[in-house]
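Visitor: Pasting in a structure now, in structure tokens, and then I'll have a few things to ask.
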Amino acid sequence: MEITLALIKPHVVRNKLALRSLLAMIKANFTVLESKQIHITKHLSEKFYAEHQGKFFYNRLTTFMGSGPSYALILQSDGGISKWRSLMGPTKVYKAIYTNPDCIRALYGLSDTRNACHGSDSPESALREIDILFPEFNITDALKAIENKS
């Protein structure tokens, strides 16, 4: 079992029908350990996307993330990271539309910045991102609870 972070971006959260559909798809494919609607401040966004600092899109991305509430989820599943990333599809929306038209980014993405969602790319990233958006979440307790269910 693997834990990952999923983040639904503000333009999708604003569209209640899209959000409801996306959450239903998530719940059908993952165990949701925690979830919350969160307004990501510029400071929090800069911390979350620190690895992109200095890249041409960094300011646009960190500003956009503060444009409205996002929806953050801690997901658990066998191969959870790759499973969520597969459902999201390619980062670039135009590529998603042409190569994977049924993926989340093809359906709800508008641009490379407003590409509908984010997903951790490794177990280490998942832990770091969960710690930023869910500081109250105790990963050790969650992993023990998962082990005890097995």
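A Cβ is built for glycine as well, from the same backbone N, Cα and C atoms used for every other residue.
Annotations for this protein, taken from TrEMBL, read as follows:
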- H118: active site, pros-phosphohistidine intermediate (ACT_SITE)
- K9, F57, R85, T91, R105, N115: ATP binding site (BINDING)
- 1-141: domain 'Nucleoside diphosphate kinase-like' (DOMAIN)
Visitor: Determine the Cβ neighbour count for F57 (ATP binding site): the number of other Cβ atoms within 10 Å of its Cβ.
Guide: 13
Visitor: Can you count helix, strand and coil residues in the domain 'Nucleoside diphosphate kinase-like' (1-141) using DSSP?
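Guide: Output for the domain 'Nucleoside diphosphate kinase-like' (1-141) reads 72 helix, 26 strand, 43 coil.
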Visitor: Determine the minimum-neighbour residue: among K9, H118, listed as recorded positions, which Cβ has the fewest other Cβ atoms within 10 angstroms?
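Guide: Across K9, H118, these recorded positions, the one with fewest Cβ atoms within 10 Å is H118.
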Visitor: Between F57 (ATP binding site) and H118 (active site, pros-phosphohistidine intermediate), what C-alpha distance do you get in Å?
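Guide: The Cα atom of F57 (ATP binding site) is 15 Å away from the Cα atom of H118 (active site, pros-phosphohistidine intermediate).
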Visitor: Which of T91, N115 (the binding-site residues) has the most other Cβ atoms within 10 Å?
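Guide: Highest number of other Cβ atoms within 10 Å: N115.
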Visitor: With the cut-off set at 10 Å between Cβ atoms, which of these binding-site residues ends up with the most neighbours? Options: R85, R105.
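Guide: Result of the Cβ crowding comparison: R105.
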Visitor: Report the largest Cα to Cα distance, in Å and rounded to a whole number, among the residues K9, F57, R85, T91, R105, N115 that the record lists as binding ATP.
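Guide: Output for ATP binders K9, F57, R85, T91, R105, N115: max Cα distance 21 Å.
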Visitor: Which whole-number value in Å describes the distance between the Cα atoms of T91 (ATP binding site) and H118 (active site, pros-phosphohistidine intermediate)?
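Guide: Rounded to a whole number, the Cα-Cα distance is 9 Å.
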